[in-house]
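A quick write-up on the structure given underneath.
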């Protein structure tokens with residue numbers, strides 16, 4: 001077979017499981033026709049196909065797959081090929097029970113569901129290596145294969161004896177001596193001192209669940225072990241000669257892994273996006289989803305893939321709403337606007353049975369083309385073709401919000417001022433959405449990534465200071481950057497030991513203040529704060545930091561309770577920059593007003609000179625052009641002044657309006 | 001002892017546990033006097049008496065029971081004799097641990113509580129057979145014994161190795177080959193393919209809990225195994241020569257078993273009715289309870305027994321309210337009105353200790369006759385005596401609502417449009433109550449029962465089509481019947497595999513439409529629909545089916561959201577009949593109005609020519625008479641035109657009013 | 001070292017864990033300076049220090065402790081020395097797994113957390129004995145040691161085989177024969193008869209959880225076993241020659257133990273008080289906390305210790321609020337007012353890690369003196385010094401409310417009229433707070449304590465009558481006492497068997513009525529009752545007793561539901577006294593009005609002639625003086641007429657006002 005050159009285009013496709021229909025060639029043939037009609041140019045094969053690929057130990061059946069790939073390729077449809085480790089065959093669990101997970105309560109699971117395998121088990125690793133090698137040997141040179149999809153939505157943890165041993169080795173590597181571990185975990189408290197690494201047990205409701213250093217390192221270990229498992233999966237492909245890029249698909253706000261560690265090992269970041277449209281205003285859902293897109297893009301400062309999304313409703317949420325007409329297109333272009341180079345679906349065809357039989361699909365049980373969903377899928381395919389020139393272009397952001405999974409782990413497991421909710425993600429979102437409403441592209445930056453190049457950096461609730469972040473922030477402000485830091489930052493070090501001598505650790509001089517106490521509000525309890533002048537007044541909740549000024553200037557003050565008059569927002573010039581401190585969990589309205597002022601002050605130019613309320617504006621750029629996406633997620637048209645020097649590339653911009661639930665893309669030549 | 005002939009009468013009695021008081025003959029003697037005063041004519045003995053009947057393995061003490069039965073018989077009180085398998089003695093569990101259940105998490109229980117025995121265990125079956133035979137041998141000829149009460153409230157499940165093996169045998173019998181099972185359960189999904197029946201494990205949170213075919217067949221197996229166990233209990237009695245009828249007591253809306261399968265094996269259906277009176281309006285509670293009475297009656301199209309009810313409050317609900325004055329009589333006659341041939345209580349005498357020591361009883365801890373409850377029990381006994389002529393009469397219903405436990409199992413375990421509630425039972429009730437308000441007796445028909453003889457058939461949410469129901473419905477309409485079918489019907493086959501090619505499966509031509517998509521509303525979210533003319537408008541919630549018409553006529557349309565204007569109610573003439581389709585979970589008010597119209601159209605005559613609001617009207621008939629029960633569950637009198645050709649048989653009908661919380665029974669000669 | 005005489009003073013101090021900082025002598029030195037500044041005169045050492053004291057089995061390191069005690073003593077700071085059994089070292093669990101608890105589901109725990117040891121284990125008892133002896137031998141003569149702190153917050157239970165065996169022995173001792181046990185637990189119900197003590201298993205969700213006699217005796221056994229364990233701890237100290245008094249610290253409303261049994265074995269009662277200030281009005285929180293203080297004081301009718309409290313916020317509640325300015329002092333003096341002879345904190349210094357690293361402390365992570373908290377701690381130390389003359393004085397109460405943990409256990413585990421809440425503690429509080437608002441000191445009396453000396457006795461919801469309480473109450477009223485008894489009293493005997501023949505058992509003649517039925521209201525449902533005259537009307541909820549009068553006079557009647565007109569409050573003169581009966585869970589307002597009338601009737605003189613609303617008034621007395629504490633927990637000043645013959649001893653009483661959040665103490669010479 002001859003390798004065709006792939007035109008510059010967006011990947012358009014999704015998960016396809018023809019192995020469920022091998023006894024129905026009529027259906028498979030019909031599928032192919034429909035895929036072509038819908039402009040689908042790539043499908044993902046092999047996710048969860050292990051029991052078909054290797055029905056008995058060491059007996060491989062790959063013919064059907066090869067045939068399917070040939071047929072697809074002949075129609076111009078390429079393949080993203082999955083390694084099948086996301087679910088193993090029954091025979092594997094039956095013969096080697098060690099591959100089954102052990103729960104935190106030390107009970108070994110039975111075979112079942114999906115992600116129920118030990119990532120440490122040598123047997124499981126070996127069996128995965130073999131099937132991966134087989135796949136790579138067979139398909140490495142197939143011209144249709146454009147990408148490897150490593151496993152599926154890695155997640156979960158195992159507490160089996162093999163994992164306990166691996167955890168102990170990992171700790172020994174990290175701490176060298178048991179005394180170092182004892183100090184790091186502060187085990188003198190409650191007489192928890194270890195006298196040997198052999199005494200370490202993973203966190204458990206049967207044992208230690210409140211030893212925070214242990215819990216935190218366990219989470220790190222789970223990430224490390226999963227990453228190592230993935231590395232071994234990739235190595236198997238490479239050793240067998242596969243040269244295509246690899247990726248693995250992430251989930252929204254999955255807190256079991258630090259995805260940034262996995263991202264380092266793959267070529268392309270991708271994720272599975274399942275927003276709950278029509279639960280609240282779609283504009284708000286779009287903003288929230290956009291933050292997740294931006295997080296994925298920022299991990300590699302590069303285009304990502306939207307590996308899964310639903311053509312219609314879901315089936316695993318409490319309530320599964322349909323996508324309303326037009327939303328499929330609008331949401332798909334939303335991913336593109338934020339830097340995606342693909343729109344992919346779970347799933348191409350609904351299975352007749354199983355857990356996800358009612359999940360939205362390009363082709364449903366009815367099976368015909370005369371469905372609303374299929375029409376919209378086709379319409380989206382056409383749109384992507386017409387926007388193909390944008391594929392591969394970059395996103396440039398002048399502002400960033402810092403994100404750190406490890407800090408969040410530590411913060412959320414600690415018993416502190418507010419155990420019924422700290423709202424870390426919400427705090428990040430409050431700053432994110434306000435910056436977006438200022439008309440800016442925004443990066444969601446990992447704490448370890450370089451700070452250079454940004455004009456403005458928001459650091460919300462960075463409970464844990466690690467990776468020398470305090471020094472790098474100092475340098476950033478010194479050099480002219482604008483820093484906004486909030487309450488509950490710089491409290492602990494990387495093993496969750498509290499810093500002594502005043503917080504935010506190492507930055508009290510930069511911020512010109514020290515946090516003295518922090519008060520917590522009950523759920524539903526609201527306080528307020530206001531500018532010196534008294535108006536406007538903003539609401540705040542959850543946490544109120546009481547700071548002692550050491551040079552900072554008070555911009556706003558609390559107006560309630562015994563700390564009425566205490567500072568709520570401060571600023572401190574430092575070096576060539578400025579450092580703001582926000583003491584409390586303020587309402588979004590505050591952030592909107594405040595960042596408008598700060599960005600104006602900094603002359604941070606928005607993508608569009610004027611930002612009509614209700615529109616979501618993003619831009620991508622290549623060497624020659626800037627592509628401006630203006631998206632309306634409301635039901636009503638919104639007027640927009642024609643962007644200067646820009647031409648409509650896509651969409652209905654009649655009468656200077658962006659229609660309800662639609663997108664207009666402008667092209668602007670870069671000067 | 002000479003067998004007296006039993007007069008035509010209602011059974012009036014309840015569970016009695018004299019074995020708790022064998023050291024207090026004074027109390028037992030006093031009990032007897034009070035039973036007679038209260039007109040009690042039968043008591044249920046032996047429920048949970050095993051440890052007294054067989055205190056050591058193989059040592060039987062039945063003397064006390066014989067003596068008690070003789071004493072009762074001498075006073076004209078008959079006996080319903082229970083097999084004691086509802087709770088086993090400690091020695092049995094101690095000696096044969098295999099009789100103890102294993103939970104779904106594979107943990108074997110300790111001895112304790114009640115229903116904690118394996119239905120598969122050969123030892124348990126053998127021990128039950130022996131005690132049953134002993135009872136039958138001893139009492140088969142006792143003239144007082146009128147009925148056998150097999151075990152008590154069968155329920156629960158066991159996951160022990162013996163049950164696993166039995167389950168595998170049952171599956172092998174059902175599917176013959178593992179390939180057939182794999183196809184039926186669609187195991188290719190998530191690589192769940194079985195290569196041998198030996199790999200099957202019952203559903204478990206440790207293993208597979210989302211493999212719907214497995215879960216569904218497990219539930220079927222639990223019913224089959226329980227039924228088999230019961231069959232063996234009955235066989236033991238029969239082999240020992242007992243000839244009295246057998247029954248077992250069902251519970252309200254117990255979803256662990258498909259009662260219809262058990263009903264096939266017994267002579268009389270009975271159930272334990274514990275409505276939560278005074279939680280909401282008692283009229284509504286009566287309607288809900290009436291539906292359950294009708295379900296029990298319809299299983300055999302014959303009178304049933306009200307095997308348990310409380311003379312006063314309960315003790316195992318979150319909050320136990322007293323029955324208000326008059327309610328005991330009214331609720332007892334309510335069961336009679338719906339086809340019961342008995343009123344029986346749990347319990348005759350409160351125990352001093354144990355889990356149910358505060359449950360309402362005919363004789364309480366105080367022990368005297370000067371209690372409100374005892375007065376009302378006596379009054380009820382007198383009423384039943386005066387209505388004795390009605391015992392044995394039948395209920396005739398022109399309309400039926402279909403009920404299917406298996407479909408409900410499948411629907412409620414599936415992950416689909418609405419996982420936080422589908423409201424199957426509520427949907428059935430909405431139709432049921434509306435038909436009742438139209439003045440009709442209503443059958444609650446099992447999906448396997450014949451459809452002949454009905455004029456009108458409601459099929460709410462019949463997710464699973466099995467037993468050829470689509471063909472039988474077609475025949476029903478073809479022949480002139482009126483069918484009302486709702487959303488979420490005909491989706492899957494009997495192993496929960498989705499039908500391909502359009503739904504409701506096999507009936508799209510009959511209904512003149514096809515369901516294209518289904519939207520779900522959040523809890524609390526309300527939509528509306530209205531007649532073409534625009535008024536009245538009705539509320540709907542939970543699920544909104546979006547249909548594509550193929551011949552049907554639209555009667556009402558949605559008025560909200562993106563599907564405003566889509567059909568909400570349709571009709572399609574077919575053969576000599578008509579088929580209606582209701583697309584959404586409509587409010588009761590819609591059903592009330594709609595069925596009034598449909599029944600008028602069909603000339604379905606109500607029991608009473610005019611139906612005053614707030615009254616519950618039912619009728620029973622024998623060859624000569626129709627007995628019309630008019631029941632008022634409100635607190636205020638309600639006027640009623642004297643029913644034509646009818647005479648007051650019972651109750652206060654002064655001034656043409658049915659008093660608050662009371663019943664009037666009319667007798668009408670049949671033409 | 002020479003023993004200094006200890007001046008009459010309040011203990012001021014708290015838990016101190018220098019072992020966490022042995023590598024930081026600079027910090028320990030700084031701590032000492034700060035303690036002295038804050039007027040701290042005693043610290044608690046050794047709580048949770050076992051792994052430092054005995055780092056390997058049999059290897060003891062007590063030098064650091066001796067050194068610390070010497071240093072402290074040299075500065076005038078005394079020591080309360082803890083036995084370390086509250087948490088054991090890892091090596092102990094590793095070597096002797098039997099010391100680890102087994103949960104009720106029969107799963108043995110891993111090492112972890114704190115209270116995770118078997119109280120029965122001979123090994124654990126022996127290891128505790130050894131370390132206790134070592135401590136006693138080493139420090140029995142140290143002049144700084146003023147008190148032994150036995151373990152820490154005893155609690156929890158173990159279901160291991162050793163505990164099962166001990167439980168069986170305990171039962172055999174209690175019941176002698178298995179027949180006696182069967183009768184006491186009414187095991188004939190549900191065929192639960194035991195044929196041998198060996199069949200007894202502790203309550204378990206795997207076995208019996210609804211056998212109330214078993215559950216109740218298990219709770220008694222847990223208390224007995226814990227007490228026995230504590231006795232052995234104390235014996236070890238005594239045998240090694242320690243002569244200082246012993247105490248153990250109780251928790252607020254901990255229902256796992258009957259503290260009264262433990263209190264019998266110790267010299268001084270103490271408890272750990274962590275009210276949730278600023279969640280509701282602080283005045284109400286103070287009343288609730290005062291009830292707990294009074295319960296602790298009444299156990300020995302003697303001053304108690306406030307062993308733990310927080311200098312600021314907590315960290316283990318859902319939401320941890322700061323103490324507002326002044327509250328630390330006010331709350332500390334509140335304990336003193338109710339009879340405490342100490343104010344102690346958890347914790348002197350915050351640890352850097354561990355579960356409680358964010359718990360309030362005298363010295364926080366910042367570590368400096370320039371914090372609000374440290375200033376207020378110092379201010380409180382000064383106040384205690386100025387009130388030293390009050391230390392050791394008594395509280396005299398003319399009224400008492402009865403409290404019984406065993407009755408509460410039985411009532412709350414029973415399945416009865418209201419399983420979603422009986423509100424025992426709330427019912428006790430309603431009477432308590434009303435009596436306090438009448439200006440009285442109030443005792444919270446255990447059911448076994450003598451009733452002599454009181455004028456008025458409230459017996460709320462005494463479900464279980466034991467210890468001959470009915471005879472003692474009769475004697476009390478006969479002799480002129482005023483008894484107020486409520487609904488749900490006298491229902492069962494000491495093994496939870498219902499009394500026959502009418503309730504409240506044995507007191508129907510005293511009360512002049514019998515309880516016939518009890519109705520339950522749903523949560524949120526409200527009924528009313530009113531005086532014969534009709535006004536005022538009061539709200540009631542949860543439970544409504546319907547009584548039949550046999551001589552009592554009706555004071556108030558229900559105004560709702562079918563029991564409108566039934567008695568709600570009655571009175572019956574008996575002997576020289578009177579017995580009131582309150583039929584329902586009335587609102588606080590009723591109790592306030594009613595007790596005002598009853599106490600006026602009885603000429604019970606309040607501490608102050610007039611009681612301004614919002615003030616908390618208490619008094620202590622020694623031979624010469626009465627000390628009157630007037631405490632304002634509101635934010636605003638409250639005027640108070642100068643108490644006759646009293647002089648201000650402490651506090652700001654300018655302008656005849658008690659300032660917001662402050663205390664005034666008056667001294668009055670006793671006549």
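Cβ coordinates come from backbone N, Cα and C, glycine included.
Binding of substrate is attributed by TrEMBL to A:114, A:316, and the same site annotation extends, among A:70, A:152, A:258, to A:152. Here the Cα atom of residue A:158 (Zn(2+) binding site) is found 24 Å from that of residue A:316 (substrate binding site). For the binding-site residues A:118, A:160, A:163, A:316, a Cα to Cα distance of within 10 angstroms from residue A:153 (active site, proton donor) holds for none. The subset of recorded positions A:152, A:153, A:160, A:308 lying near chain B, with Cβ atoms under 8 Å apart, is empty.
Within 8 A of the CB centroid of the Zn(2+) site residues A:118, A:158, A:160, A:163, the other residues of that chain are A:101, A:102, A:119, A:120, A:121, A:157, A:159, A:161, A:162, A:164.
If you take every residue in the domain 'Beta-galactosidase C-terminal' (A:614-643) and average the pLDDT, you get 96. Counting only same-chain residues at least 6 apart in sequence, those with a Cβ under 8 Å from the Cβ of residue A:114 (substrate binding site) are A:48, A:86, A:87, A:152. Neighbour density around each Cβ, counted as other Cβ atoms within 10 Å, peaks among the active-site residues A:153, A:308 at A:308. Beyond its flanks by at least six residues, the domain 'Beta-galactosidase C-terminal' (A:614-643) meets 281-283, 285-287, 290, 330, 333-334, 336-339, 389-390, 392-396, 436, 439, 441, 606-608, 649, 653, 656-670 of its own chain at Cβ-Cβ distances under 8 Å. For residue A:160 (Zn(2+) binding site) paired with residue A:308 (active site, nucleophile), the C-alpha to C-alpha distance reads 32 Å. Across the domain 'Beta-galactosidase C-terminal' (A:614-643), DSSP assigns 0 helix, 17 strand, 13 coil. Taking every pair among A:114, A:152, A:316, the residues recorded as binding substrate, the greatest CA to CA distance is 17 Å. Packing around residue A:118 (Zn(2+) binding site) is summarised by its Cβ count: 28 other Cβ atoms lie within 10 angstroms of its Cβ, all protein chains included. Counting every protein chain shown, the number of other Cβ atoms lying within 10 Å of the Cβ of residue A:160 (Zn(2+) binding site) is 22. Note: the CA-CA distance between residue A:163 (Zn(2+) binding site) and residue A:316 (substrate binding site) rounds to 30 Å. Secondary structure at residue A:308 (active site, nucleophile), taken from DSSP and collapsed to helix, strand or coil, is strand. Under the three-state DSSP scheme, residue A:152 (substrate binding site) falls in the coil class. A distance of 14 Å separates the Cα atom of residue A:316 (substrate binding site) from that of residue A:308 (active site, nucleophile).
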